[in-house]
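Down below is the structure, laid out as structure tokens.
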Amino acid sequence: ATTLPRIPPTRLALHHFDTSYSLQLGQLWPSVRAGLLCEQKYGALLNNFSCAHHLGQELELLSATDFVSEASQKAHQPQRGAAGKEAGRGESVAQEGSGEGRVVMHAETVTQTGASPAFRASISPNIKCFTFPRGDITRFRPARPDSLGLLDYYLMDAASLLPVLALNVQPDDFVLDLCAAPGGKTLALLQTGICGYLAANDISVSRTKRLHQILHSYVPSKIRETVSVTSYDGRDWGQVEGGTFHKVLVDVPCTTDRHSVMEQDNNIFHKRRTKERQMLPMLQLQLLMAGILATRPGGDVVYSTCSLSPLQNEYVIE
């Protein structure tokens, strides 16, 4: 008897994406595919709680730029008609994205009509994230502690900031990060400096420990005390604190396309996780519904994934 060779989950993932995304994206798929398979580039989210005052100038000398402020400048430039505006917006996303393929959907909740307004990205002047130019594969140095022991920046996929910007946090908003671990978006929300109350939740106890570590490494103790970190099943959150929050971020578990084609460990395309993968849209819908129930009337929910799959994005929203 012969044993068939095991197909690595990364290969299964790429075959699945080749089959589905080539139909979905057409001629765009080869370039998107190359982006998923190339070395990942990180952005440096500056820590406003750190005493490293000249860090921005240091990064600019390395030819890195703050893509958030650049986006703000582009947003205020006069546009040549609506078509030009939309084209410019699409070009900006294509240039600044790091290949993770994060998809962000914004909707006003609990309205009588149920209609979703146009996407409105909020550019917070307090959030600064530096990236190297397109084609520049320079790596940022490891983060350094300041005199108080707080690290000067957090390395993350720059696209992960898009859900935070889309959340459009206003002063004194009560904010919920429903699937918060490992903590990059929670840290970015704190960088705005305007959250009235922030709840960071994740069902995984081990990942919540990682969230605690990040908060301890980047945030002063007085600020950390204002953050509620919990490990509830996010699907039950509406029963725990329903109708409480002005803004809710639902960054759901997904196929994590880049990880699926690059990493063997913890890969959701492993054969033993087939059922889990097939049930993802149902889990995502349940988390989204819980996020909506946790939101005050007239509040906002941002739903995001790092997958290109319509089954995990548009279909869940619809």
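Cβ atoms here come from the backbone N, Cα and C positions, even for glycine.
The active site, nucleophile feature in TrEMBL is assigned to C306. Annotation comment: TrEMBL describes C179, A180, A181, P182, G183, G184, K185, D202, D233, D251 as S-adenosyl-L-methionine binding site. Look at TrEMBL and you will find 79-318 tagged as domain 'SAM-dependent MTase RsmB/NOP-type'. Under the heading region 'Disordered', TrEMBL lists 70-102.
Of all Cβ atoms in the protein chains displayed, 25 besides its own lie within 10 Å of the Cβ of G183 (S-adenosyl-L-methionine binding site). Neighbour counts of Cβ atoms within 10 Å were taken for the recorded positions K185, C306; the minimum is at C306.
Averaged across the domain 'SAM-dependent MTase RsmB/NOP-type' (79-318), pLDDT for the predicted model comes to 85. Across the fold, the C-alpha of the residue listed as 'active site, nucleophile' and the C-alpha of K185 (S-adenosyl-L-methionine binding site) stand 13 Å from each other. Fewest Cβ neighbours within 10 Å among the binding-site residues C179, A181: this applies to C179. Cβ neighbours of D233 (S-adenosyl-L-methionine binding site) (same chain, under 8 Å, six or more residues apart in sequence): I203. The record assigns C179, A180, A181, P182, G183, G184, K185, D202, D233, D251 to the S-adenosyl-L-methionine binding site, and the maximum Cα to Cα distance across that set is 20 Å.
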